[in-house]
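K.L.:
Please read through the structure below; I'll follow up with questions.
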């Protein structure tokens, strides 16, 4: 039995579906802050609904200009939808902008050449299909190839890859067809194209909503784990990750080094220069230290002007060298717009952790060393030993 689809019925579902998707997005984002991605997405859906309306009534419209208009609407509408998705996924960078500028220029040139010099339905279908396929190719590649992307992005990338393949197949079918084609012509490539448009209408909206939810979740997680002023781990997140890192080191029987750092005379910085300058000093300190740490190292703010660093796989000699490097780097750093120079004191402890590492004990021992560093004049590194009793309760 031949598989046939009523293309006009599909067009009605595309018109009503895109209009409904605008209402769905508006309801979902009603209480959310206004953002460019949502505006682009809403406009894209209205443009696509208008495109499919023009396609459905094309036989009653005079002249080929409306055909050109419908092609422009689907490309602009589809392009805005893809850009909105890329923006929501934080993938719309300089390379994406360059790509879409080039594709847009090529698409306009090809449509113009076909319209003015060889205006046939087959060439218009082939050109529009190839252009749409190129528009979709970028998110198809980026969502599937980006390392660390979410499973949602991978699924979306695979579906976009499938749709891009369908569009290329439709373009070749139009180019090599022995009969004239139009948007209502039957055939496997045509049916797959309209089914793909219907699926992408649903996937695009669901994907946009889920990407929006992912971004909100990532922002909440960042707020829960990151110190707002310095941009490094807060105390709770540092302790959680340090426990995990120490447990992994215990399994491998490798050392870890714990550095407790305090900015010397920080209260005087606030009193003499003001809290704005004090905040600048904290940000400068965090950036200076973070720049000199490795990808496995942990760095967090314990509170006020007290910070902690965990160095997995680093022994006593190497941790002493690292601590001294940090001390000198901070001492030689400068706060932009200020002549203020500040120093730090560091307490260090190195252990091979047990299966249940006691991070609070590492803190106490490094705090004892830090206390000694302050007592001896500050701006120095002092080491504590594993079984050493703290000098301060």
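Cβ coordinates are placed from backbone N, Cα and C, and glycine is handled just like the others.
Just lifted these from TrEMBL, have a look:
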DOMAIN    254-386  domain 'GGDEF'
TRANSMEM  6-28  transmembrane segment
TRANSMEM  40-57  transmembrane segment
TRANSMEM  69-87  transmembrane segment
TRANSMEM  99-118  transmembrane segment
TRANSMEM  124-143  transmembrane segment
TRANSMEM  155-176  transmembrane segment
TRANSMEM  191-212  transmembrane segment
K.L.:
Counting by DSSP, what is the helix, strand and coil composition of the domain 'GGDEF' (254-386)?
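P.N.:
Going through the domain 'GGDEF' (254-386) residue by residue, I get 59 helix, 33 strand, 41 coil.
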K.L.:
Which of 6-28, 69-87, 99-118, 124-143, 191-212 has the most Cβ pairs closer than 8 Å to the transmembrane segment (155-176)?
P.N.:
124-143
K.L.:
If we skip the immediate neighbours and take only residues 6+ beyond the ends of the transmembrane segment (99-118), which ones have a Cβ under 8 Å from one of its Cβ atoms?
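P.N.:
Apart from its flanks, the transmembrane segment (99-118) reaches 64, 68, 71-72, 75, 79, 83, 124, 127-128, 131, 134-135, 138.
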